[in-house]
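Asker: According to TrEMBL:
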{"type": "DOMAIN", "residues": "84-210", "note": "domain 'Creatinase N-terminal'"}
{"type": "DOMAIN", "residues": "418-633", "note": "domain 'Peptidase M24'"}
{"type": "DOMAIN", "residues": "645-688", "note": "domain 'Peptidase M24 C-terminal'"}
Amino acid sequence: MHSIPLPAVMHPLSLSASSRFLSQKLLIPSSFFSNFKTTHQRFDKNFTKVPIIIRNCTSPPVSAKPSSQIRRSRAKKLEPDEKLQALRELFSKPGIGIDAYIIPSQDAHQSEFIAECYMRRTYISGFTGSAGTAVVTKEKAALWTDGRYFLQAEKQLNSNWILMRAGNPGVPTTSEWLNDVLAPGAKVGVDPFLFSFDAAEELKEAIAKKNHKLVYLYNPNLVDEIWKGSRPIPPNKPIRIHELKYAGVDVASKLSFLRSELLDTFSSAIIVSMLDEIAWLLNLRGGDVPHSPVMYAYLIVEVDGAKLFVDNSKVTPEVLNHLKNAGVELKPYDTILSEIESLAAKGAELWFDTSSVNAAIVNTYKSACDRHFEIHASDRKGNLRNGSNDQSWGPSGVYRASPISLAKAVKNSAELEGMHNSHLRDAAALAEFWVWLEEEIDKDVKLTEVDVADKLLEFRSKQAGFIDTSFDTISGSGANGAIIHYKPEPESCSVVDPKKLFLLDSGAQYVDGTTDITRTVHFGEPTAREKECFTRVLQGHIALDQAVFPENTPGFVLDAFARSSLWKIGLDYRHGTGHGVGAALNVHEGPQSISFRYGNMTPLQKGMIVSNEPGYYEDHAFGIRIENLLCVKQVDTPNRYGGIEYLGFEKLTYVPVQTKLVDLSLLSVGEVDWLNNYHAQVWEKASAHQPIFCAFTIAQINHRDLQVSPLLDGSAREWLWNNTRPLVKQ
């Protein structure tokens, strides 16, 4: 499953900014492969308003018009929109007084997947994609999203909304658009809980060019104000312990590591707001967010203690005892700001990762520090008159990346074992599923895209340790496969057409691991063009899988491996090639990624897990994607230039690639060997799938009764055998 690279996922305003990388020249210094540090860069806009020409495999060129031209062709007559009207009426109320309001996709923790009660951008706009930013002025409404969601947004937005196709020529950023449509000196309102501090500062700086002012509206959130009684209640599912045999490292050791980092940076405490970081650090899992086993909480870790800010009703007696043993005190979730103020008043130097900690928390600390400064100003003046050179002016904060992010990304042996085991169980479920689907298609049974997704869930739910899907299953037949993050809905989805390509991107959360896999198949006879496009995607997949690279190499360096075969005939895809994956955690995690957006300088390290998912999508026609998960491993090379290690990848996913779609004439002998070797491994591992008895309690897996996996039945084994036979290049 695709994601934007981490900075864009956690940065509400960077959808448009991050996609501007295509217009930049890449300059690589001579010290490129040494001493990398994770950085966040900003890029200037440099677009020209010309059509993009994309050449198809065997068809005439396809012309993609600039978004500005597409927008002008939209219907001019506006539909009534009661939500927008109600929101605009709030702009002029006392204590608000704004000219525009920005509604990002995120919750207060900058999460990609969020609880339904926090889906404010979805509520106000009707657009259900996971990434996007809505901006409403007194007269206009616009929504920015990236290339994964262009087609979906076209369908879901009504005529009141302007669709801003981020990254396309002629499309302004959110701040550029505000500067253009608002009169100088306007006030732009935001909920500071929903913006990282970095995002808010970037926005403030950008709109100041037209003397606009950024206004923080802490309470209420304006969308919540009009949502009122129909708004879903906040989640309240119990927290569970992630057992040590899966976590690999106990909480005390993780906290000890973090406290050593605090001492090294002369920090008093660190504020942790990313939900997966909290879950990983405390060896806890929750059920507050769909598809992600996390709970809504904040965590403050001090040198001599820790406080977890969470709804106490979610804490079971077992979890309470687990936290007490780790020296973690419980506090109400909504008291985080008062605790920040209290720490600042005591002179605490707090560590913030400003790319993820929200602006409300950081600004509360800064304001409290300013008050601390004013209160003690007279004392400092007295010291100076007495000849003292006292420079202790109170706390100022430590602003740098969270050390938890990288520690979590590098999996330990227990986490890797859990990932391997869960992927084998997942492969067994998929083998049984594909047998069922092909048999139903052969019998001319009419199945909708939702029927297929539901049946896959049924097969997965029989596997030991299954908890949930890791994201909404993308089940797309024909043209729907071209909608990169398509979500079929019962009332509008298509029937699976055996004469068209079918794309299935799915994943699961198991108690010991997280899976994510995409396969594209054809149930009839694919055209020569479909086969060529599929084969070129496969060539990119193989090239990345076989990559060997020196340590300290960031993921963006490898992105071109996956695109080069498509580039040769003028094709490409509008998403990154790989994202990080958590171990029984979020299916999208950072800081690593493999993407053409080269601002992420995080080097790939041994033990990291990434996806390998090149694709090709032709709007209103078909979509192709092939995805496996890979683990970064050390590779023994004949030479070690510079005395450093060289790295490569180990596969975690073992499900056949449909060879019917492969044009053997395009593959080299080495690529055919790769496919045959991969299928030999699939047969060896998946066909030998044995029952795995897991002694989990019902409470540990959200009250779901575990079922022991049976051996693959005869039809599934036969399907595996037929789909893993070696190919011979003539």
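From the backbone N, Cα and C atoms, a Cβ is placed for every residue, glycine too.
Because TrEMBL annotations are produced automatically, they should be read as predictions rather than curated entries.
The structure displayed is predicted, hence computed values, not measured ones.
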Asker: Would you kindly list the residues that approach the domain 'Peptidase M24 C-terminal' (645-688) from elsewhere in its chain, counting only those six or more residues past its ends and only Cβ-Cβ distances under 8 Å?
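Answerer: Tertiary neighbours of the domain 'Peptidase M24 C-terminal' (645-688) are 419-420, 423-424, 427-428, 430-431, 515, 517, 519-522, 526, 528, 530-532, 534-536, 538-539, 542, 544-551, 553, 604-606, 609-610, 612, 626-635, 637, 712, 717, 720-721, 723-730.
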Asker: For the domain 'Creatinase N-terminal' (84-210), give the DSSP counts of helix residues, strand residues and coil residues.
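Answerer: Across the domain 'Creatinase N-terminal' (84-210), the residues distribute as 48 helix, 25 strand, 54 coil.
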Asker: Counting by DSSP secondary structure, give me helix, strand and coil numbers for the domain 'Peptidase M24 C-terminal' (645-688).
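Answerer: The breakdown for the domain 'Peptidase M24 C-terminal' (645-688) reads 24 helix, 6 strand, 14 coil.
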